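Q: TrEMBL feature annotations, pasted as is:
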BINDING   Gly36, Glu37, Asn38, Gly39, Ser40, Gly41, Lys42, Thr43  ATP binding site
DOMAIN    9-346  domain 'RecF/RecN/SMC N-terminal'
Amino acid sequence: MLYSLLMSISKLQIQRVRNISSINIEPSPAINIICGENGSGKTSILESINILGLTRSFRTNKAHHVVQNDQLASVVFGFIDPMMQGLKQSLGVERPAEGEARIRFEGSDIGLSTLAELIPLQVINSDTFQLLEGSPAIRRQFLDWGVFHADKAFIQLWRGFRRVLKQRNTLLKCGKIDNQLRQVWDSEFIAFSDQLTRLRKEYLSLLKPEFDSVISQLLEGTKIELGFSYGWDKKRQLDEVLASNFERDLRQGFTGNGPQRADLRLKVDGHNAAERLSRGQKKLVVSALKLAQGVLFQRMNSRPCIYLIDDLPSELDQIHGELFCKVLEQSSNQCFITCVDDSALKTYWSPQTEIATFRIAEGSLC
Ligand SMILES: Nc1ncnc2c1ncn2[C@@H]1O[C@H](COP(=O)(O)OP(=O)(O)OP(=O)(O)O)[C@@H](O)[C@H]1O
Ligand SMILES: [Mg+2]
């Protein structure tokens, strides 16, 4: 793999993020290992990269927790090469403790959706278990990340669908709906639902073989089936479902069926994977989902994702830790990996892999 052609973040400056006052890093385009004791600031580095890519933390929605005590704003700056053209383009995000983030790309202010396209991030941390154990909303978010990056039409469609759903629910809450009005809303609801579901289905059919390939490398001999539930009984047309459930929807004051209820189903030997797999197996399955998404993203966009992997070795034995690293080094993703102790982790890579190791103590590199 010619990593120099695939450089993503080539310089990283972090200021006033949690216990980090100021850190400058020149990351490897391939594997970056960040190690240090508990509370030293490892996750805060990953959190800073997340701020650079999305303006927000993956740990909290409240910016004032991220901004260093007694400071007004965190700032994360980087040189990035979003289109893999061998460029170093400047990107800076200022995240104030209160108020909106400011994003500057090559000297101009840009919006959040432009930013999300510049740095496609994938996070693997203890929250990633929620992909198996959490609510369907988390799996829909995962699915829709992929559809967003796969199809330009998705975002408009998704916004349109949310608008119609909200209006339909408002009418249901009012309790009285004129039949004609209901038909108008339902036909719009169905049109959006069909298109949204078609995009999700198409994306999933592309994701499945990638997932099968990654999981077969990480968990040999365990067959995980990945299924898709539309949010209504797929043997029936949505108009029929809406009509037969209308009285119930009216009583409840919301729409009980539709893409807002879609879900991914993960099964092992026909059983719910969340109920059957061990902790380590779960980590491998949710990581495989994220890694498969990266493989597909790269195939569709000719550029890799950036992976933030918090505490890679946790839950994994040596064999599976090593397998995980093998999958990472075979990809061309830029990875930022944290661990408390890198002594085992550093032996998992092949000599050709470009590895940069950063040791952190009390918020500073050492
Ligand atoms: N707003 C803040 N201002 C200053 N320090 C903070 C702030 N928020 C958290 N901290 C401290 O910053 C440090 C950041 O910890 P971080 O979670 O990055 O550590 P870590 O190296 O990932 O540790 P672990 O191995 O336990 O996961 C902690 O010591 C925490 O107490
Ligand atoms: Mg941590």
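Even glycines carry a Cβ here, placed using N, Cα and C.
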Q: For ligand 2, pick out the binding-site residues Asn38, Gly41, Thr43 that have a CB under 6 angstroms away from one of its atoms.
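A: Among the binding-site residues listed, those whose Cβ sits under 6 Å from ligand 2 are Thr43.
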Q: Can you tell which of the binding-site residues (Gly39, Ser40) has the fewest other C-beta atoms within 10 angstroms of its C-beta?
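A: Among the binding-site residues Gly39, Ser40, the lowest count of other Cβ atoms within 10 Å belongs to Gly39.
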Q: Within the chain of Gly36 (ATP binding site), which residues six or more apart in sequence place their C-beta under 8 angstroms from its C-beta?
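A: Lys42, Val340, Arg359, Ile360, Ala361 - these are the non-local Cβ neighbours of Gly36 (ATP binding site), listed in sequence order.
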Q: Within its own chain, what residues at least 6 apart in sequence put their Cβ under 8 Å from the Cβ of Gly41 (ATP binding site), listed in sequence order?
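A: Residues satisfying the criterion: Arg18, Asn19, Ile20, Ile360, Glu362, Gly363, Ser364.
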Q: For ATP, what surrounds Gly36, Glu37, Asn38, Gly39, Ser40, Gly41, Lys42, Thr43 with a Cβ no more than 8 Å from their Cβ centroid?
A: Ser44, Thr338, Val340, Ile360, Ala361
Q: If you draw a 10 Å sphere around the Cβ of Thr43 (ATP binding site), how many other Cβ atoms fall inside it, taking every protein chain shown into account?
A: 20
Q: Just name the winner among Glu37, Asn38, Lys42 (the binding-site residues) by count of other CB atoms within 10 A of its CB.
A: Lys42
